[in-house]
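Structure first, commentary second.
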Amino acid sequence: MQTSVTPDAISAVLSNPSFDSSSSDRSEIVVQVVDLKPIGNRYTFSANDGKTRVKAMFTASLTPEIISGNIQNLGLIRLLDFTVNDISSNSTKYFLVTKCESVASVLDSEVNLEGGEAKRQKLDHSPKQEFVAKSASQIITEQRGNAAPAARMSMTRRVHPLVSLNPYQGSWTIKVRVTNKGVMRNYKNARGEGCVFNVELTDEEGTQIQAAMFNDAARKFYDRFQLGKVYYISRGSLKLANKQFKTVQNDYEMTLNENSEVEEASDEEMFVPETKFNFVPIEELGMYVNQKELIDLIGVVQSVSPTMSIRRRTDNEMIPKRDITLADESKKTVVVSLWNNLATGIGQELLDMADKSPVIAIKSLKVGDFQGVSLSTISRSNVVINPESPEAKKLKSWYDSEGKETSMSSIGSGMSPSAKNGSWSMYADRVPLSQITSNLSLGEDKPVFFSTRGYISFIKPDQTMWYQACKTCSKKVTEAMDSGYWCESCQKKDEECSLRYIMVVKVSDSTGEAWFSSFNDEAEKIIGCSADELNKLRSEAGEVNEFQTKLKEATWSSHVFRISVTQNEYNSEKRQRITVKAVAPVDFAAESRLLLQDISKKNTSAASH
């Protein structure tokens, strides 16, 4: 086992801006980890070669190695793959380590070769190995003097994995395949008009990122980017991804401008990206119904339908569709609709092998509310039959041993077929109020969804219960100077407006209570009339206050709620916000079935112990 650092390695790397850590002719680089500290889900440290120290960071993929103790403070590691980046504020260099291995146990102190030895154990004083690091120009001259532009780009700059990119890096080059290409869209906003299009890029490791191009860049690169081809890309910028619009699992999104470099890797070795999945169990699909977030699913094929032809509403075109039913270890089933080429291609393949109960993994599915819960493929969906993954092997083993003899039920069973009344997922993820209010960190990263049953215990009569809204778009309006109401969204004036609810109600159950924010459609079901009607009752004079009576009638009524939980900041203090997404009357037959299921689960659990 090597017990010494590589002398002068850091200085050699820093003095050669074209150094390639993954080159086959590089010398071995062993450094000591000093000042190891956690920052978020990553760790920073100082890399020490006995004479020089440089700031460094491990990528998140190496965090398990640190937690397990394989990489420790004052230990020695061999750098197998890393990049040299700039800290933008002061141009200081730092190492971003993407691959390394531990080579020695922890030393008692920091290695200092100026003193001749490391504390605790003598260092290897064999003749110093010369550090060879050829410049990019030398490599090109020696190997490919007349390389194509894409090849020159790949050789003059080291190719970075997508997982290593961040907004604070200097120059970088990535090698990616275009796995989805959007259409050119025109937009108009307060800053003017323009055009934009997006592509989804995937590298060899399966990491994805979304790249956007606007105006001149969009027109320049729209024809150049072709679906399925591999490109070298550099001179782009990164920023935190907008969670509302992102379509891939990446914290960052890329923007390319007219000065960005995009070269097709036609003369380079091609690759097929490894598809990475983030599977959602079938029994948890209820919380994703009608949400913008796409999901990945793995399941055993139970049945495959023949191909059907469906007429599309937008253009009356007939498009092929095929339904498949999938099951997983939650003993639930769900119907997935394959559309277009997936229906006629992979769908036919699945039909031919349906009797063998294959396992399939599908990436990027849209969750709808047909028959409670339903799934549909979209243009960028990817289907893999019998994938070589631990999840697939585990699922197949379960199905062969017990699953095929197990009684399955649809995830949509027990839910109301009317999705619009909000009861489509009221029984998929039911929780008591105390489970929400006791966990104050719920919804920090993204909204989380639950269903709950409770009573309206209090409605503040003096709160602002509605706002003046445009009759066309329902956005807020302001009173015009002369008369009528002005809608900023529609850019027009109307003589009348409508009132729309925006109010809070206190909801209670046997475990606790919480304030729910409710908007127009949901509030109408709670109050029992529209905001305009309630406003008229409040303005009426008389001995009996009909307004107060209406609020009392709504109090202590029982409902089933579909809610989202998020975090809002108010006066520099984070607060939990619970919003009603749907409300429905209690279906006592369905409630009884839910209670019987809970009793059955508890009895089974008790028997197993």
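Easy rule for this one: first residue shown is 1, then count along the chain.
Every residue gets a Cβ built from N, Cα and C, even glycine.
Copied from TrEMBL, the annotated features are:
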- 5-104: domain 'Replication factor-A protein 1 N-terminal' (DOMAIN)
- 160-264: domain 'Replication protein A 70 kDa DNA-binding subunit B/D first OB fold' (DOMAIN)
- 289-386: domain 'Replication protein A OB' (DOMAIN)
- 449-595: domain 'Replication factor A C-terminal' (DOMAIN)
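Sorting each residue of the domain 'Replication factor-A protein 1 N-terminal' (5-104) by its DSSP state yields 14 helix, 48 strand, 38 coil. Secondary structure of the domain 'Replication protein A 70 kDa DNA-binding subunit B/D first OB fold' (160-264) per DSSP, as helix, strand and coil residue counts: 10 helix, 50 strand, 45 coil. Summarised by DSSP class, the composition of the domain 'Replication protein A OB' (289-386) is 14 helix, 54 strand, 30 coil.
In terms of DSSP secondary structure, the domain 'Replication factor A C-terminal' (449-595) contains 34 helix, 70 strand, 43 coil.
Regional average pLDDT for the domain 'Replication factor A C-terminal' (449-595) in the model is 89.
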